[in-house]
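Enquirer: Residues annotated as transmembrane segment in TrEMBL: 7-25, 37-57, 69-88, 94-117, 137-160, 198-221, 288-310, 322-340, 346-364, 385-401, 407-428.
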Amino acid sequence: MERNLKNVLVISFGFLFLFTAYGGLQNLQSSLNSEEGLGVASLSVLYAALILSSMFLPPILIKKLGCKWTIAISMCCYITFSLGNFYASWYTLIPTSVILGLGGAPLWSAKCTYLTIAGTSYAEKAGKNAKDIINQYFGVFFLVFQSSGIWGNLISSLIFSQSSTNVETPEDLACCGAYNCLTDTTNTTESAKPSNSLIYTLLGVYTASGVLAVLLIIIFLDQIKSDQAETEKEKLETPSFWATFLATFQHLKDKRQCLLIPLTMYSGFEQGFLSGDYTKAYVTCALGIQYVGYVMICFAAVNSLCSLLFGKISQFTGRKLLFALAAVTNTACIIALLLWKPHPKQLAVFFVFPALWGLSDAVWQTQTNGLYGILFEKHKEAAFANYRLWESLGFVIAYGYSTKLQVYIKLYILLSILVLSMVTYGAVEYFEAKNSPGTPTATKKENGGPLTQETHM
């Protein structure tokens, strides 16, 4: 148990260091690299590359390199993105975004494969239930990994708070909020941008954190025994690229999958809005870039706590009530953001929105993943491939139009997709109740387990 637990902790802390860097940097892209929308364009390209990567790269790399070296090499892909930010331009950020996107899917797949094999191996030796041990390992992993959202954002805020210009109040608050000035956005952001020395310091810390993650994996992570690895490789080798590709789209013949597309895409839209638009048009514009990290810490902390809470209480309340709670909360936030005129004197309000957003996002992540697992139990691979595809597409679109439209238009789009999502989700529940009136699916276990967090890259 000690050796297996050591490997679980090595992977957990490796991901913690890696995503401390990536998560903090992702939230700053729209503010740090606002020129011609470079930052959000890089994120859009990143998620587009992730879609392609998830279709064929994971089984190929894991088969050729094994889990340990797939994790190590994929982590290096994330480091290139940090390096690209040192000299941010279309020629550095876009290629490194593609590299990161291509490395994202193999990284998560190899992690899941490694923990699953390690858990199964220990369960066989100890004579215990494999599922229980695997769940225990994933529980340890996410307990450590979830805190990356706090540390990455805390580092950025502490470093940027050293800027001598941070105490200045922005001159033109009329360009902040829902009716932001597209033509003045660059100038407004530039005036709030920290000095190059502080930016380089932050990027240096993030790069070092990524390098530390790779070294942890290379030095301390054990190779999976060859016989276990071969068994897993055979499983991974079975579906070819075209088989996976066709299975993903053949799954769309199921009307329930089609009806869940708006809900799945909404998950990408709402996360993209918070990290790409709220951080820039509200927080950076009115308070300064040094507050972005603190605001996103609030989101990450509430999201993590509520994910754990909702995973437990869904057994008693059912998923319908939780979906309703998330929909009402998100709708209230969207309407309030349309009406609110951000001002530095209203500091607490800047934290209320990400807290409520975190509560809603916890529902969208845990319950939507759980819903997929329950509805498509016999076709989980194709179902979750669709989940990754449509949520990533939501990210791509949200980041893609981020610099082209004013915030109020994006809020109306977000509200429209949310309403459509609830209508189509309601139809899915109706069909399920109609087909199996005696066994309501709400009574089944609905927590998405380990899969719930993989969509966060």
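Placement of Cβ uses the backbone N, Cα and C atoms for every residue, glycine included.
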Enquirer: Examine the transmembrane segment (94-117) against the transmembrane segment (37-57) and state whether at least 3 Cβ pairs sit under 8 A, considering only residue pairs 6 or more apart.
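Expert: Since 3 or more Cβ pairs under 8 Å link them, the transmembrane segment (94-117) and the transmembrane segment (37-57) do come into contact.
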Enquirer: Could you give the residue numbers and ranges of same-chain residues that sit at least 6 residues beyond the transmembrane segment (137-160) on either side and whose C-beta is under 8 angstroms from one of its C-beta atoms?
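Expert: Long-range Cβ neighbours of the transmembrane segment (137-160): 4-5, 8-9, 11-13, 15-25, 27-28, 111, 115, 118-119, 166, 194, 198, 201-202, 205-206, 288-297, 299-301, 303-304, 307, 449-450, 453.
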Enquirer: Counting Cβ pairs closer than 8 Å, which of 69-88, 322-340, 346-364, 385-401, 407-428 has the most of them with the transmembrane segment (7-25)?
Expert: 69-88
Enquirer: Give me the stretch from 37-57, 288-310, 322-340, 385-401, 407-428 with the greatest number of Cβ pairs under 8 Å to the transmembrane segment (69-88).
Expert: 37-57
Enquirer: Could you tell me what the rest of the chain brings near the transmembrane segment (385-401), counting residues at least six beyond its ends with Cβ under 8 Å?
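Expert: Apart from its flanks, the transmembrane segment (385-401) reaches 40-41, 43-44, 47-48, 50-51, 54-55, 105, 244, 247-248, 251-252, 257, 261, 264-269, 271-273, 276, 368-369, 372, 410, 454-455.
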Enquirer: Under 8 angstroms, Cβ to Cβ: which one of 198-221, 288-310, 322-340 has the largest number of such pairs with the transmembrane segment (407-428)?
Expert: 322-340
